[in-house]
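J.: For 1-238, the entry in TrEMBL reads domain 'Deacetylase sirtuin-type'. Residues or ranges marked as NAD(+) binding site in TrEMBL: 13-32, 95-98, 180-182, 206-208, Ala224. Sequence annotations record features per position, and here TrEMBL assigns substrate binding site to Tyr57, Arg60. Here TrEMBL flags His113 as active site, proton acceptor. Among the features that TrEMBL reports, Zn(2+) binding site is placed at Cys121, Cys140.
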Amino acid sequence: MMRRMRNIVILTGAGISAESGLKTFRDNDGLWEQHAIEDVATPQAFARDPALVYRFYNARRAQLQQQAVKPNLAHHAVARLQKEWRQGTVTLVTQNVDDLHERAGCSNVLHMHGELLSQRCCRSNQAVYCKEPFDATSRCQCCDPPSPVRPDIVWFGEMPMHMDRIEKALYNADVFVAIGTSGQVYPAAGFVAMASQCGAHAVELNLKASDTNTLFDEHDYGPATVVVPRFVERMLKEN
Ligand code: APR
């Protein structure tokens, strides 16, 4: 039984966007099968071969904007929970760099690993919306003289964003829900333990058991477009 439920923290991973046509990282045929992390997703890779790194993220940014890529029923269900939950807060933390949560109508999405539709000034760290391709010749608008820009992505070895707000939300959570994440990448993989230690009821929604599945109180395994709407429906009935 759940204790009185007020505050909900939802953590999403690549699995929630899989049925929208975006590849996950570690499943069969995932992104990290086709590209080595150390070639495209580390600060060292960017220093060694920036053209390759820009190309990798330009391609992903372009793919995200293809007409066929749209939010699915799971993104919409999360947005519905945020809008209709009256008892407390619904904090949405995502490891995803796509904008499908926003397109589904979610608000205040905490993108802990950055955003594809954004570029960041290498000097000031200021991020600005950007849906076009960019490369080593591109410059920011915030510095004088203008500085180079990089993908607004948190690479391996860099600090995730919004950790203060995320930790506060986990501390105050009554329910913690992890959706479509393999539990292989920290600090996100450690959120279930943090939330549980603070008394939250932990729910895993995934196609299959994640690496951290034993830490959850409850599981529902199936495609996100099925299990997430089912979970939201149940929560709102208890609302
Ligand atoms: N519905 C629900 N879950 C799914 C679906 C689906 N249709 N398809 C796949 N999954 C699940 C898989 O079972 C797996 O547990 O989604 C998870 C995807 O895991 P990863 O590919 O490891 O993605 P994620 O957990 O988001 O990766 C974390 O690692 O590479 C970095 O920065 C990158 O943000 C990413 C982080």
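Yeah, the Cβs are placed from backbone N, Cα and C, and that goes for glycine too.
Unlike curated records, TrEMBL annotations are generated automatically.
Show me how these features fit into the structure around them.
T.: In the predicted structure, the domain 'Deacetylase sirtuin-type' (1-238) carries a mean pLDDT of 96.
The Cβ of Asp29 (NAD(+) binding site) has 8 other Cβ atoms within 10 Å, all protein chains considered. In this structure, Asp29 (NAD(+) binding site) belongs to neither helix nor strand by DSSP; it is coil.
Within the same chain, residues at least 6 positions away in sequence whose Cβ sits under 8 Å from that of Arg60 (substrate binding site) are Val97, Leu116.
Counting every protein chain shown, the Cβ of His113 (active site, proton acceptor) has 19 other Cβ atoms within 10 Å.
Under the DSSP three-state reduction, Cys121 (Zn(2+) binding site) is assigned to strand. Taking a C-beta cut-off of under 8 Å and a sequence gap of six or more, Cys121 (Zn(2+) binding site) has these contacts in its own chain: Ala127, Cys140, Cys142, Cys143, Ser147, Pro148, Val149.
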J.: Write out the long-range same-chain contacts of Leu207 (NAD(+) binding site), meaning residues 6 or more apart in sequence whose Cβ is under 8 Å from its Cβ.
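T.: Leu207 (NAD(+) binding site) has long-range Cβ partners Gly15, Ala18, Gly180, Tyr221, Gly222, Pro223, Ala224.
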J.: Filtering Gly13, Cys121, Leu207 (binding-site residues) by proximity to ligand 1: which pass a Cβ cutoff of under 6 Å to any of its atoms?
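T.: If the test is a Cβ under 6 Å from any atom of ligand 1, the answer is Gly13, Leu207.
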J.: Of all the binding-site residues given, Gly21, Gly180, which has the fewest Cβ neighbours within 10 Å once its own Cβ is left out?
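T.: Each of the binding-site residues Gly21, Gly180 was scored; lowest Cβ tally within 10 Å is Gly21.
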